[in-house]
């Protein structure tokens, strides 16, 4: 997720901007830049890479500027590069803009603006904004922004400066955070509170649809339409490290709570509720090519592999295409049978996982078409694939993956529906029901987070055990695999997941009095069979924690404790079911005093085989 900073006041702006960007580094970024207004012009410097790379060119900027904006970019549209870094300007260089979010209709706006003579220098969606504002400008920056913003479709936060009005910053929030800092003789703007803390503890959190005009005289807040609003000034007493985590004790907990937003970003621009269709313009397969596919190869490591297993079930169910699911570390050693009629799907949060890259190259050498599902624009997996389905989860700092998993699951759900629509195998009524369910999924993820207190209590009881078993069938088994991985990697409790039907084939020998068993039972057509397996474990003395859809009283009767998910289409449960499992692992780990964000012996991105 990009970082925005802005400053107007009595100090020199550039050191404040650079300090603010440094305090937002935890959000992750691939490039950075600043814009200053002074001497009747707008000055911009930006560079791919770290802030230290940007620092090497700041000598080109004039000293003494009191107004400026800055940005750290996490690439979405256009790979990391100097020209794709922010700030972006209009053709004349009068207006400079920094932006966090996604402009869904940027392609049509760009085409329109190019017809008007605007010259674009980048591949980004952001660049349409300064051109659009310039086309609306009549001598009043606020009025120009008010005219331009309603034409933008998507989620965004923007800050704008203009050489004609050098003592002004205009900012707008639309579904992406912005915070204003109120200092002594100065105003600050940022996408997150840490950037403000060295200068002020008095902040205004901008609400949805607000426009802020920052000048040396103060800040004026209205709606984009110009209606007055009543801002609330709050005092922030966080310590800097705590502030970077948004007030959460750990990045992992913060990222668990970011999942409603992350899921919404994954879905943005990819659903058409009116037609019940999924739109994946980034996948360049024609309907005829999809019909010609003989199989899909789903390959990944770790958490991404568990998301891939969900994808396997869904693609076979909805698109009727056989799917081979492999761990990337094993893929090359079995002489895989792939050809030009195979769609190879490589799933990787970082896009740099060594084993996944090696498997991708093996499949490509055998003629497969390659689709990457990743979170990082410009990553090696993204560059080497034919097509990329980005998850838009935003930077994930904790080693244990949370929001990356749930967004991968949703991205693969979209892919399964889309493939079924392209080859005609999916029932239109089911597709429509799934699209409707996906639209509600981000809000339901928020509802699922309300289980936190109850899950924490259960996790603290679990923390004293040496072994925990997870069981489930079909999609629930895929989630059980991810649940056991989360528990073992951050709490260091030995945990195993089994397909519930496999209990009699060995695992039942390990079930004795008091052993915790977490039973996932969210699939109505399999509920009776899973309940039978729950009964088998309880007969051996197991303590059973159950997870089911709301209203499932039958499952509750056979569990010692039950957690309910909001009711949804059964094929959409994995993205919700994983949330209480993540919380269970998190609170078990905190109860045991482990390093949650940086568990021993593990790394965020595994770039060696």
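Heads up, the Cβ atoms here are built off N, Cα and C, so glycines get one too.
Record features, source Swiss-Prot:
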type	residues	note
ACT_SITE	2	active site, nucleophile
ACT_SITE	604	active site, for Fru-6P isomerization activity
DOMAIN	2-217	domain 'Glutamine amidotransferase type-2'
DOMAIN	286-425	domain 'SIS 1'
DOMAIN	458-599	domain 'SIS 2'
Q. Can you count the other CB atoms that lie within 10 A of the CB of residue 2 (active site, nucleophile)?
A. 27
Q.
When DSSP is mapped onto helix/strand/coil, what comes out for the residue listed as 'active site, nucleophile'?
A. coil
(Q) Within the domain 'SIS 2' (458-599), count helix residues (DSSP H, G, I), strand residues (E, B) and coil residues, in that order. (A) 76 helix, 30 strand, 36 coil
